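Feature annotations, reproduced from Swiss-Prot:
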TRANSMEM  7-29  transmembrane segment
CARBOHYD  ASN64  N-linked glycosylation site
CARBOHYD  ASN163  N-linked glycosylation site
CARBOHYD  ASN343  N-linked glycosylation site
BINDING   CYS450  heme binding site
Amino acid sequence: MLSTMDTVAALAAVFVAGTLLSRLASWIRYHFKIRKIPLAHNLGLLDRIFTRKATEEFAVDFKNLSRKGLAKDKNAFRVQTDFGEMVILGGHYAEEMKGDNGLSTGDYTKMELMGDIPGFEPFSFAGDHRELMHTVITKRLNRALPRLAIEQSVEVADFLSHNWTDSNEWHSIPLYQMLMGLVARASVSAFLGPELARNERWIELNAQYTVVGIGAVHALRPWPRFLLPLVHHFHPKAKAVRAILSECRQIMEPILRRRAQAKQGIQIKSAVSDTALDWFEEVAASIGQSYDPTVAQLTFAVAAMHSTTDHLCQILIDLRDKTEVVAAARSELVDVVTREGWNQTALSQLKLMESIMKESQRMKPINRVINKRIVTEDLHLSNDVFLPKGSFVAVSGERMHNPSIYEDPEQYDAYRFIKKAEEGPESARFSGYTSITTDSVGFGYGKHSCPGRSYVSQEMKVILSHILLKYDFRFPEGYQPKGVNNGFDSITDIMASCMIRRRAEEVKLPG
């Protein structure tokens, strides 16, 4: 007769065996359905089953892997990522994949970034509260841009004076770290006003959350998904993410309490103003949706802070030996501000600056794919491409480097989009920094393209205007950028040092 322990062991063995057989059957079914789409990796059978070699190749060299995949099939190829196999469609599928029919962005993001784990909510907030986020950005944030042009200029000026200094002697700064602090200050001032914009700890936590959070996601990925609800309680990196969120709540709670008291009439003097706290509160009430105010604010940091910093850093690196371009950009800026003053209209007329920004984004987008989704029902696409339910899919951004679309696509040309605008009214319409086409997908494409790109554009112009007018900059002799490829992400040289010195600006900006 079997003992109780023997019975438990036998049941456990049956459960494990059943789980393994079920997973094997699912693996076989999936690969049978998707067999027509080639694998970009050149792997033997064992390396296809045990995916470590493939995921390492994906992590360090997706750009080359993408070239190999598209050479095998221009329509679609498969790649082994560190969170599962994914189908990458050619860039010409952007139009076909711009909607949500049979596709889910929110579910994909939650799975990729583990947004269902406690403490990781800022990674899934936008997907779980899509209407709330979209309305806040398009109806409230974008309408505040005229006011923010002045307010952010003041914050940028203050940050530069204290951190880049007013010394006219050449001195070195860690470029990425300095720009991160600058972007964080400008962003927090836009969303939460001067009180938190001058709170250094809040700024630090906003900058840290994405870095620590993404690090935790990568650390948890090797674990089987069914164990994550248990593992995250003990994993030190997951606990570090929760600690940051907890400290953010501690900073935010007294502010929220004062706002509530002011609205109830307990406190006559109210600090309530036109900030993102108001926007979320009012929009959420109008659509009948509950939300976490602290998570909502950190979501902005996750969505834009690091990508904007990366882009600004890359722009300055791209301009390192372009003294004539820098001089022309300064001249344009002086002419526009002298004529228009400092306002949203003036910023919209900085065409060379826009071309510079768009060209750096084209050359090095922070993400080499767009429209990442989970397929929620079997999909039949054009050219006989079949995507089975449950598969991961994305669209390649390769058209931004296609020589049939862009002349000398691997060469940086600061004037590229100015020249493109001169080709005719239609070209001019789609040559602006925030314009989106299937050939220019730096902000995504379709229903889930970045709704805050007008804000990003203005914030970057404010920052670049102050830097160009107030500072000379150069990089060490012989400097070669050392960017990092990390899967789909293309990251700028975060270790770059830049030499700067104060210059006498030709026109004064607010601040």
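Cβ coordinates come from backbone N, Cα and C, glycine included.
Cβ contacts within 10 Å of ASN343 (N-linked glycosylation site), excluding its own Cβ and spanning all protein chains shown: 13. Summarising the environment of ASN64 (N-linked glycosylation site), the number of other Cβ atoms within 10 Å of its Cβ, over all protein chains shown, is 12. Of ASN64, ASN343, CYS450, all annotated as recorded positions, the residue with the shortest Cα distance to ASN163 (N-linked glycosylation site) is ASN343.
On its own chain, the residue listed as 'heme binding site' has PHE443, GLY444, VAL456 as residues at least 6 apart in sequence with a Cβ closer than 8 Å to its own Cβ. Classification of ASN343 (N-linked glycosylation site) by DSSP places it in coil, neither helical nor stranded. Other Cβ atoms within 10 Å of the Cβ of ASN163 (N-linked glycosylation site), summed over all protein chains shown, number 13. In this structure the alpha carbons, written CA, of ASN343 (N-linked glycosylation site) and ASN64 (N-linked glycosylation site) are 43 Å apart. In the three-state DSSP scheme, CYS450 (heme binding site) is classed as coil.
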